[in-house]
Amino acid sequence: MKLTCMMIVAVLFLTAWTVVTAVPHSNKRLANLYLKARHEMKNPEASNVDKRCFESWVACESPKRCCSHVCLFVCA
């Protein structure tokens with residue numbers, strides 16, 4: 001019984017701590033995501049969803065943009 005009560009108190013404390021230490025303006029992040037999504041709906045060229053991966057021997061900046069996921073200044 002004591003262990004159950006201690007667990008309940010611990011969960012309530014951790015929940016309250018999470019709420020108190022949360023970023024105060026996190027709702028602005030959601031608003032920015034909404035505006036970005038709306039802009040992408042109006043301007044489909046701005047969307048990252050339709051962008052395809054790069055083929056071999058194309059200049060790249062990150063491995064996830066290459067079809068092979070290997071980037072050494074060019075897609076391998």
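Any Cβ shown, glycine's included, is placed from N, Cα and C.
Positions annotated as signal peptide by Swiss-Prot, on the basis of sequence analysis: 1-22.
CYS53 (disulfide bond) has a Cβ environment of 13 other Cβ atoms inside 10 Å. A coil conformation is recorded for CYS53 (disulfide bond) in the three-state DSSP classification, outside any helix or strand. The disulfide bond annotation in Swiss-Prot covers CYS53-CYS67 (among others) and rests on similarity to another entry.
Cβ neighbour count for CYS71 (disulfide bond) (all protein chains, 10 Å cutoff from its Cβ): 18. The feature disulfide bond is assigned by Swiss-Prot to CYS60-CYS71 (among others), with similarity to another entry given as support.
CYS66 (disulfide bond) counts 20 other C-beta atoms within 10 Å of its own C-beta, drawing on all protein chains shown. CYS66 (disulfide bond) falls within a strand segment according to DSSP. Swiss-Prot lists CYS66-CYS75 (among others) with the feature disulfide bond.
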The rounded CA-CA distance in Å from CYS75 (disulfide bond) to CYS60 (disulfide bond) is 6
Cα-Cα, CYS71 (disulfide bond) versus CYS53 (disulfide bond), nearest Å, comes out at 12
CA pair CYS53 (disulfide bond) / CYS60 (disulfide bond), Å rounded to integer, equals 10
Per DSSP (helix/strand/coil reduction), CYS75 (disulfide bond) sits in strand
